[in-house]
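**Q** One structure is given below, represented as structure tokens, and several questions about it will come after.
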Protein chains: 6
Amino acid sequence: MSSAHQHLTHIDEAGAARMVDVSAKDVTTRTARATGRVLVAPRVVELLRGEGVPKGDALGVARVAGIMGAKRTPDLVPLCHPLSISGVTVDLEVADDAVEITATVRTNDRTGVEMEALTAVAVAALTVVDMVKAVDKGAVVTDVRVEEKTGGKSGDWHRP
Amino acid sequence: MSSAHQHLTHIDEAGAARMVDVSAKDVTTRTARATGRVLVAPRVVELLRGEGVPKGDALGVARVAGIMGAKRTPDLVPLCHPLSISGVTVDLEVADDAVEITATVRTNDRTGVEMEALTAVAVAALTVVDMVKAVDKGAVVTDVRVEEKTGGKSGDWHRP
Amino acid sequence: MSSAHQHLTHIDEAGAARMVDVSAKDVTTRTARATGRVLVAPRVVELLRGEGVPKGDALGVARVAGIMGAKRTPDLVPLCHPLSISGVTVDLEVADDAVEITATVRTNDRTGVEMEALTAVAVAALTVVDMVKAVDKGAVVTDVRVEEKTGGKSGDWHRP
Amino acid sequence: MSSAHQHLTHIDEAGAARMVDVSAKDVTTRTARATGRVLVAPRVVELLRGEGVPKGDALGVARVAGIMGAKRTPDLVPLCHPLSISGVTVDLEVADDAVEITATVRTNDRTGVEMEALTAVAVAALTVVDMVKAVDKGAVVTDVRVEEKTGGKSGDWHRP
Amino acid sequence: MSSAHQHLTHIDEAGAARMVDVSAKDVTTRTARATGRVLVAPRVVELLRGEGVPKGDALGVARVAGIMGAKRTPDLVPLCHPLSISGVTVDLEVADDAVEITATVRTNDRTGVEMEALTAVAVAALTVVDMVKAVDKGAVVTDVRVEEKTGGKSGDWHRP
Amino acid sequence: MSSAHQHLTHIDEAGAARMVDVSAKDVTTRTARATGRVLVAPRVVELLRGEGVPKGDALGVARVAGIMGAKRTPDLVPLCHPLSISGVTVDLEVADDAVEITATVRTNDRTGVEMEALTAVAVAALTVVDMVKAVDKGAVVTDVRVEEKTGGKSGDWHRP
């Protein structure tokens, strides 16, 4: 990365926050995929797998929350641009000690959707915590991160 | 914890999601404190500490985003009750390899504010990621969790 | 009903809209139940019942949308008071020619939750239409109405 | 309609909800017109027609609510795309036993505005119910449906 | 005013913004009245008075926008508490060179509604500007200020 | 200005409000700059300048509020189109008797961003009032107005 990028672009030379002007950037198809995990107690894993009780809507609610969360990104993250999101998927899987979450977001717009994918994961994760908290007060949201992005001038990026 | 609590309260016996009725619970003062971290590259730590450049608004923007995020919790987490939040603080500190975030939320209402505190941390963390992403695409939000809660019928709780 | 009630309370004597002052009303437990239906084609009924394909999240998505919709009522209906909703359930059943929706909302507040229950039904119904529209462009939302309310000075009411 | 369309597009093959990817669709001018009715008591019809009292803002409030409701569609209907709405009209007429509502929405975007038109009608209708409920608790929202759409790959459609 | 009040309460001793804790304050009836003006060209005054054309919804739209704006205050002003608003009126009058706006807001809550009244005036004023801007690009929003407040520990206040 | 423009475009010939159809307008780069002032007491000026106390986040909070406010414009101003905002800056300066606010908004879209720039100024101004109100109940928001706009069919405009 060139030294020209070695500063916080959202902060101007005087230290003031701004929404960076992207009007000169091209409208292209861009995608981002982010992941995260909610660490939960063994009893929660059993309940989410439906052992002994109806599995029910729990993961479905978190999936919807994540999709809707992606759309709320510019309301939540102050310097994010409002974006024309063209597709979102959120996948939740119950592992042995955690719920694993993956979100993929697509756009045709002037800036990337990494923040939208991360927000989808974060909101889905918070929703999982909300639903399990009567059984497990200690659930932890962890490892929320971008895995890859495609499109845009800076090109594709994959987590090393 | 009694076995009576060993199910997902937000899901009824048929598996359907619901917003649990709290109308019979008492209005009491309740608090929750949550923490989390954003793992960042060394160059980001330097920039956030203002080494060689104006430190600027960056942490202040994340703090405001976290406070506003706490207020948006019922819009984001589907089964959360709208709550009368009576106070929010969000603290951000730059450690050697991370930004450490702590949020404390207070209410006088019928249900706890753990989700509001977690949402404040998560939104502040997402905002940090957004502001550093031009320098560090690999930032990771991690260890977002409730540390303690007070008030309400279930009483105080501290992470063991 | 006394003649004192025979005017539009949300419109003052000069014809101007206002949010009626409820500060002198008592905080009591109030409930409202509303119902509605989405008329759909036979093929949609089969799909929602899971005949030949995974039934999937469809009704669960509409249920979550209805619960969240109840919370958005004061954002949507201009003269509605923001309310402390204490519980929401939304039930969807697939009948032979329709999806039947019932929403029940509870509060401890100074005004009733009829509008919140109706909004929950309407948003759940719109969500059903959205999900079936690739198969059935002609779906119709119909019979959205309050069935009963309890609590408050005007007392209980049941649809005759 | 080809069999390829005979499934719920918003639900994937495993039954999970998703926001369908529309990034490959063309940006074209699209319109949708939806209608609906609020059945009201005779006394309400008189009041809305201004017989003996100022007619006032009542229908105007519902019209504004409908226009604003169209803009909130992606916040309410979980799997709807955020859209660049380019025009909205909402018309309300007082018939002998009902308020008749028509909404027309236009866009230049990658997907249709049927849901925006339906949401405009539904929110306007809920607002009418809210304004008349002190006089008529039994008002019913009914026959909310798309009448026609134009534009897009699937072409024009008129209710048969 | 005592020196104890001579600091910015929303900023702590280290300079960080916070939502001040009001949980120890009493729930009382509080009101606030704010006013403001939109300076407009003579042609706009004629149009708003309906000279030669239908006066139409213009002031009604601004009134609704102001009422809804009051409810959005905690979404807009970062350190404002979410409040249980119990009543809002917004009045607009066409003077010879301006539209005069007055908003009155009531609550039963732990903190005052001055910001809600100001936000109602500001949003109504912005809406007036939006509606007249095709005729008068130079409209100015001015003199937006609290006129009086009642209730709460600090008691009543009237602009000197 | 031609007589064709001498009416309120947001109101149709029958007096009904509408969101004007802009689908035939070109997507071009458009900007708007608006300004405003918050008149404050001398003690507030000292506090905002950090005389004797930490200056802290106060202006930074107002700046963030203004940027986020620009994005909320179509939620607040009923007949505004949702817009693809491509950049926002908000500048606050402490003068001898006021806080001076300037907002600049850019878009690539079919309609101008004057309302977005005005909303950014208004929300930043309301936030300043909120932060100083414990010290100065009498703060006044004034002179909120468009200074210039560029782009679009009607071309550039500068306040005379």
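Using N, Cα and C of the backbone, Cβ positions are placed for all residues, glycine too.
Straight out of TrEMBL:
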- D:ASP130: active site (ACT_SITE)
- D:LEU79, D:CYS80, D:HIS81, D:MET115, D:GLU116: substrate binding site (BINDING)
- D:19-152: domain 'Molybdopterin cofactor biosynthesis C (MoaC)' (DOMAIN)
**Q** Through the lens of DSSP with three states only, how would you label the residue listed as 'active site'?
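**A** Reduced to three states, the DSSP call for the residue listed as 'active site' is helix.
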**Q** Within the domain 'Molybdopterin cofactor biosynthesis C (MoaC)' (D:19-152), count helix residues (DSSP H, G, I), strand residues (E, B) and coil residues, in that order.
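**A** Once the DSSP states are binned, the domain 'Molybdopterin cofactor biosynthesis C (MoaC)' (D:19-152) shows 45 helix, 46 strand, 43 coil.
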**Q** Would you please pick out, from the recorded positions D:GLU116, D:ASP130, the one with the fewest other Cβ atoms within 10 Å of its Cβ?
**A** D:ASP130
**Q** Which value does the mean pLDDT take for the domain 'Molybdopterin cofactor biosynthesis C (MoaC)' (D:19-152) in this predicted structure?
**A** 95
**Q** Identify which of the binding-site residues D:LEU79, D:CYS80, D:HIS81, D:MET115 has its Cβ surrounded by the largest number of other Cβ atoms within 10 Å, counting every protein chain shown.
**A** D:MET115
**Q** Return only the integer: C-alpha distance in Å from D:HIS81 (substrate binding site) to the residue listed as 'active site'.
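**A** The separation of the Cα atoms works out to 28 Å.
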**Q** Sorry to bug you, but what's the C-alpha spacing from D:MET115 (substrate binding site) to D:ASP130 (active site), rounded to the closest Å?
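**A** About 22 Å separate the Cα atoms of these two residues.
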**Q** Which recorded positions (D:LEU79, D:HIS81, D:MET115, D:GLU116, D:ASP130) come close to chain A, taking a Cβ gap under 8 Å as close?
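**A** Of D:LEU79, D:HIS81, D:MET115, D:GLU116, D:ASP130, the entries that lie near chain A are D:LEU79, D:HIS81.
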**Q** Going by Cβ pairs closer than 8 Å, show me which of the recorded positions D:LEU79, D:CYS80, D:HIS81, D:MET115, D:GLU116, D:ASP130 neighbour chain C.
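**A** Of D:LEU79, D:CYS80, D:HIS81, D:MET115, D:GLU116, D:ASP130, the entries that lie near chain C are D:LEU79, D:CYS80, D:MET115, D:ASP130.
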